[in-house]
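Down below is the structure, laid out as structure tokens.
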């Protein structure tokens, strides 16, 4: 008692609110006091009132105090004042729960009841404790990972710490686009070691609980042996039977509590492991080198953090399954030896004979699983690329072609899944059959080798109980091996990714230096250590505050030079020094899915005055004025609701706002109208701009600004051909003069001397009326997307929100989802499954009942009669059951594959048929979640849960039937228990399903953020914003784990309480067996009690399987989310009114045409009426936001007309199928797009042209020599987005694609903005020659590119301002004249 008082005081000092040690102590004291009081009362009744009255009374008083203390131990103390728990807004109640509440998880009941009364929301969930937070866990794993990597020579070489010591003369390197997740003999050991060091204590603590659980597990057969011995002995006292019944009950309860504690520890460990690995992967994404980034794809990384991390989590629970089943089997064989003697050796023989078969099956199955994962990665990679470029795909009408490519990969994936599932069925049945064969052979050998060997109830049913444990061990072992193997494969994939080459953090020297702000000496750079240099002998000195321009042809190394200065290119020789902070503007603008001000501030504090100056200088004020919520307007993913010019200006504003010392600008003027570009140069980049005094390096093709820069660098073939000031380069008469000459040839019909003075004096945008003309409605705010001018009141109401979060359904899962899934499975398969499960369960019952009759056979002269018959029928029934089980499992898995195929195909079709507004408003993470995580659940989880549920359901019916028939009074307990089970399940389901939905919904932002980071990691690194993005990712992971942790606890709450209730059924069967002992035979009692010993597990797993099924059927719900969403018009009309030669002439006519992007928005195009003649060349010009790109959308029907219509060759295009229409119009967009796949596939997706035709097209665009030099030539694998090619090369490939397609109507959307003047001139010549007999519409930002056109359409504020020949428009001195004047053409 003194020790208890000391322990109580000590624990209170430590802030412990409830002590498990003290609870157990008071519990044992209470049991002792019950025995003492009982004995005292008994003696008092026998001998009267005792003489020592004081001792007698104090015994009662002391016992009452002990009982009161035991009752109080069910409660928890108040938290101490110094508790850290009090700082959380909604702390988890576990910390303040009592020990019994923690053991039974009753502290979770309040949330269960809350979820039953109303659907749970994220605010209802508890705050995440520090021990489960990203900040705590990820840092630990990252620290261990880096420590182990530093100790490994192989890892040092992979991350580039010994680059200077490596031999540069290497054999030919593999293709740049080699899939990065292939196993390159990558060691998993470092990652496994790091994980073990972080989580080993928690795991070993859980393992201790499992070992204690197994002590009680094996106590049950011993107690059952004593119980059946009691039943067989008519003279045994009744109290023994009741004692054994109580011991069976207590052993089962303690087994439940320790097992569930182990499960809880493992599942919390799984969540921590998930947090740690996802955080580690994200940090790796931020650190990936440019080379590795080109070989990777977002879809593959999403697979890593969804599928592979999940498989790694699954392994935690089954890791002990590698050794524990061996211990179980050893103990089981020992017990069987004690029961049946040498006959038990036959069990070992049977097991050893069948064991190699299962290992062969496991090995074979692993190959199919690897094949499935490869298909999954390939599918994820292509799916991600398709979703990101859906506008481009729709413009060309390629949805069906890409759908077929994905479905082709999917068919291979499902075939591997089917093969793996078939082998899994064989594996499960073989283990079930081995268990049956063990029983059959042991009983047969025992009974037939010696007539004196009697198989009584004790031997048979205790042996069966032990064999059931052996069965669990044998089932646990292959399942554990399979799970661990899958985790081993996933661990290899994760290790392969984490071992990828990182950017060299010390590549750029930032130490103080002289006057130069940037210095490069003898620099040689390559895209990888193994590839040939792309930049050689680079010597560069940039004084502080100067403006350098970098010029050169396509592929000359301009962008590579900036990448080298950023440290993105591996440095082979020389050194690079940069002094001060850096801001970077990439050639292809990277925009976050955030508000305008968040994009510009980029994590810095908001300075309203500076922000206003920056937005004004970047010509964004008119755009923002037209946005629904001003600077608070949300920008969609990848800037989908902005035009190319707006994205580039927003990207530039982000850099300017930073107030950096060095600015690296990769051709930010190319995507801008000429007058906007001039404004940007004058007010931002140029000598008098906001960046004056800052060091600036500008890559550009705009030769008219070159006289205003301090220094010019001319790049050619990866070297600096020459450099100097404008006048110096003119005097040298070298490559620079040639470059200028090519530029001047482009400007035919204009003065031979560049009118630089006029350019300098070109009007400010505000003076030219840009603001009055809405320099940017969201046309191009919507032109690439989604909004136009509208009232400020309406904008405020919309609050600038564009994208829609992943919606969360409420309430229990609708029965229609099950019907939808079963319809996908097919009625014949469903009926076959029910029939096969029913048959095998009937055979199982018959086998058990036959064994009970065998054990009750009378013994005559020490032997049993008909032993041979009993053995034969028992064996035959077992074989029938094995056949039935194989059939039922195989058919369920086959039905699951069929359902997966149907549901995936439906999802793909629903997404592909959705209009562009759907993709503007739906984050990419939502879609990737459905194509990865939810698809994986439907592939693997739902069929497995269906199989488990049906097996346990029929098993439960068998147990209830046996117990009620043998001991009818047990029905008084069984029926209320069933009702109580149903009630518990209803409480649980309501909360569990909602938690599952919240968990799924909170997963999508993680995927979106990873995707966004992957696309912009060069910008993030340039701005040194890694810590900011890591914090954002950690926050998203924590929000996800806030929903995951309660779901884990909910599972344990259900399992613990269900099993404790199930243990009552064990006690009931044993109690009534003792009560009805005179009327029951030992065989029947053994049959009944041995069946009820399984009921705890069967009941738990039946409800658990059903619950898991209902939780995962949500995946079906989410995959069907888009079934009822709005769809596009039909792709192909069944009764096509047009012939295959339409359009033969190419005449286009707009008749009162109007367009709006969404019903609540104003018109983007208003009452357009005009006619474009056959073979006419029409230029389309206008200020940013005038509606130019909306014409593309209208002509290709990305959005249907609000009023009027468009006629092509006299046919109303609204009466033509979308694919029919889009296949007849060729478009070359402003942003060149390439897909992961071969060069040939990118040029000829539909495989309609020969190789000779393709080479001819490449020759016309001056790319034939370049393609011939690539490994594989036309079979060269392009990376995702074509990142292994320059922007100019991608634009030329898009032109080659158009030459192959060659339709009667060609639409160019500033297709030459990213190429140098020489190539621009060549492209314009190709277009004039090759498309002379076609109608060509050209959207132009640079007016000189459309001066050759027959007529020019001038757009203003969504309407036709002017439409005539260039000469007439100039003579009219209207809007076109002003634009030409601002462009320096007149």
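Each residue, glycine too, has its Cβ placed from N, Cα and C.
Worth saying up front: this structure is predicted, and the values here are computed from it rather than measured.
Feature annotations, courtesy of TrEMBL:
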{"type": "TRANSMEM", "residues": "21-42", "note": "transmembrane segment"}
{"type": "TRANSMEM", "residues": "54-76", "note": "transmembrane segment"}
{"type": "TRANSMEM", "residues": "198-219", "note": "transmembrane segment"}
{"type": "DOMAIN", "residues": "204-486", "note": "domain 'ABC transmembrane type-1'"}
{"type": "TRANSMEM", "residues": "239-258", "note": "transmembrane segment"}
{"type": "TRANSMEM", "residues": "316-337", "note": "transmembrane segment"}
{"type": "TRANSMEM", "residues": "343-361", "note": "transmembrane segment"}
{"type": "TRANSMEM", "residues": "421-445", "note": "transmembrane segment"}
{"type": "DOMAIN", "residues": "518-742", "note": "domain 'ABC transporter'"}
{"type": "COMPBIAS", "residues": "750-766", "note": "compositional bias 'Basic and acidic residues'"}
{"type": "REGION", "residues": "750-796", "note": "region 'Disordered'"}
{"type": "COMPBIAS", "residues": "785-794", "note": "compositional bias 'Polar residues'"}
{"type": "TRANSMEM", "residues": "818-839", "note": "transmembrane segment"}
{"type": "DOMAIN", "residues": "833-1111", "note": "domain 'ABC transmembrane type-1'"}
{"type": "TRANSMEM", "residues": "949-966", "note": "transmembrane segment"}
{"type": "TRANSMEM", "residues": "972-990", "note": "transmembrane segment"}
{"type": "TRANSMEM", "residues": "1054-1075", "note": "transmembrane segment"}
{"type": "DOMAIN", "residues": "1150-1382", "note": "domain 'ABC transporter'"}
Lying 6 or more residues past either end of the transmembrane segment (972-990) yet within Cβ distance under 8 Å of it, the residues of that chain are 112-113, 115-116, 811-812, 960, 963-964, 1050, 1053-1054, 1057-1058, 1061-1062, 1064-1065, 1068, 1099, 1103, 1106-1107, 1110
Same-chain residues at least 6 beyond the ends of the transmembrane segment (198-219) with CB under 8 Å of its CB atoms are 137, 140-141, 144, 251-252, 254-255, 258-259, 261-262, 265-266, 268-269, 272-273, 276, 316, 319-320, 324, 327-328, 331, 335, 469
Under 8 Å Cβ-Cβ from the transmembrane segment (343-361), and at least six residues away from its ends along the same chain, one finds 329, 333, 336-337, 423, 426-427, 430-431, 433-434, 437-438, 441-443, 445-446, 449, 453, 470, 474, 478
Inquiry  = Can you see whether the transmembrane segment (818-839) and the transmembrane segment (421-445) are touching - at least 3 CB pairs under 8 angstroms, only pairs 6 or more apart in sequence?
reply    = no
Sequence-distant residues near the transmembrane segment (54-76) by C-beta distance (under 8 Å, 6 or more away from its ends) are 17-19, 22-23, 26-27, 29-30, 33-34, 36-37, 40, 44, 96-101
Over the domain 'ABC transporter' (1150-1382) the mean pLDDT stands at 82
Other same-chain positions with a Cβ less than 8 Å from the transmembrane segment (239-258) and lying at least 6 residues past its termini are 103-104, 209-210, 212-213, 216-217, 219-220, 223-224, 226-227, 230-231, 1056, 1059-1060, 1063-1064, 1066-1067, 1070-1071, 1073-1074, 1077, 1093, 1096
